[in-house]
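What TrEMBL records for this protein:
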type	residues	note
BINDING	ARG50, ASP108, GLU109, SER110, LYS150, GLY167, ASP168, HIS245, SER246	substrate binding site
BINDING	HIS121, HIS146, ASP147, HIS219, HIS245, ASP278	Fe cation binding site
Amino acid sequence: MTVIVRNAADVELFGLQQEEKTKTHGDASELVSDGGFKMPENNAFGQSFRDYNNADSERQEIVERTYRLQHINQTYDFVKKMREEYGKLDKAEMSIWECCELLNDVVDESDPDLDEPQIMHLLQSAEAIRKDYPDEDWLHLTALIHDLGKILLLPQFGQLPQWAVVGDIFPVGCAFDKSNVHYKYFEENPDYKNPNYNTKNGVYSQGCGLNNVLMSFGHDDYMYLVAKENGTTLPSAALFIIRYHSLYPLHKCGAYEHLMNGEDRENLKWLKIFNNYDLYSKSKVPIDVEEVKPYYLSLIEKVVNLVGGGNTVVYSIRSVVR
């Protein structure tokens, strides 16, 4: 679920020519923050961010259970099956804002830092980026839509289990890196002892590019599939953010870098900028939805020009794979 264009040749997502689009997201190293957003020292519960071993946290049991099931069940064969199933994109259409509002009913059980409905997270991250980079509206939009794939948790979109939708992602088809959260549970994954999949490169080759690597299935990969299959003209940096924003072993620990190519390394610079706002904007202080809604509706109207009109997002509504 992302902004899509039915006929990419006929319309540019940002209403810009190709060379102007390149300028729009340019070089991440040249992006200068206005300093409007102040990163907090602690998360919404007054504890350190991304602490997965805090015995005093009430959420730890829920979070750890989600990761255990994810690590056991996300195999190479499972991911291929899910991508084939959800890549069919049997479609239901709605506006982007209608989709955002659906996340009022979604709470991410893999997140130790926040237990609020996900619409708050979308707006908190988008507003944080907007404060620091007011002229990068493509990045505001990317923040607004980056987690829309979590609607796969809802009954009308398949009601996939949490472990198949949320949590840090990781490559399948090669050895699981020890920097993954709750790594110990990978020992129960059938691929852990499979000689085809448990070496450093596995079924891949060094420098093959992340685009050629299967990631554990979830909201990130599904949203990327929707964008790709519907000819989106979002800039490559935005698509990279959408697809890999949960790949924490890479952008926090440097794991799996041997699979990256040059384009990945350039886009990773943008992901690292985005990640600060995706992570540190989480707060119990809610965004006034009605106050910011006009800006995001105008942004959607500005950057989304679909053939035939309408701010349309396309979803798969395939049933859950059992």
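From the backbone N, Cα and C atoms, a Cβ is placed for every residue, glycine too.
Keep in mind that what you see is a predicted model, and the values were worked out from it rather than measured.
Features as recorded by TrEMBL, highlighted on the structure.
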{"residue": "GLU109", "record": "substrate binding site", "Cβ neighbours (10 Å)": "19"}
{"residue": "HIS121", "record": "Fe cation binding site", "Cβ neighbours (10 Å)": "26"}
{"residue": "HIS146", "record": "Fe cation binding site", "Cβ neighbours (10 Å)": "25"}
{"residue": "ASP147", "record": "Fe cation binding site", "Cβ neighbours (10 Å)": "26"}
{"residue": "LYS150", "record": "substrate binding site", "Cβ neighbours (10 Å)": "27"}
{"residue": "ASP168", "record": "substrate binding site", "Cβ neighbours (10 Å)": "22"}
{"residue": "HIS219", "record": "Fe cation binding site", "Cβ neighbours (10 Å)": "28"}
{"residue": "HIS245", "record": "Fe cation binding site", "Cβ neighbours (10 Å)": "23"}
{"residue": "SER246", "record": "substrate binding site", "Cβ neighbours (10 Å)": "24"}
{"residue": "ASP278", "record": "Fe cation binding site", "Cβ neighbours (10 Å)": "23"}
Distance, ASP168 (substrate binding site) to HIS245 (Fe cation binding site) (CA atoms, angstrom): 9
Rounded distance in angstrom between the Cα atoms of HIS121 (Fe cation binding site) and LYS150 (substrate binding site): 12
When distances run from the Cα of ASP168 (substrate binding site) to each of the binding-site residues HIS146, ASP147, HIS219, ASP278, the nearest one: HIS219
Minimum Cα separation from HIS219 (Fe cation binding site), reported as the residue among binding-site residues GLU109, LYS150, SER246 that achieves it: LYS150
Additional residues surrounding Fe cation, by Cβ distance to the HIS121, HIS146, ASP147, HIS219, HIS245, ASP278 centre under 8 Å: LEU122, SER125, ALA143, LYS150, ASP220, SER246
Top Cα neighbour of GLU109 (substrate binding site) in the set of binding-site residues HIS146, ASP147, ASP278: ASP147
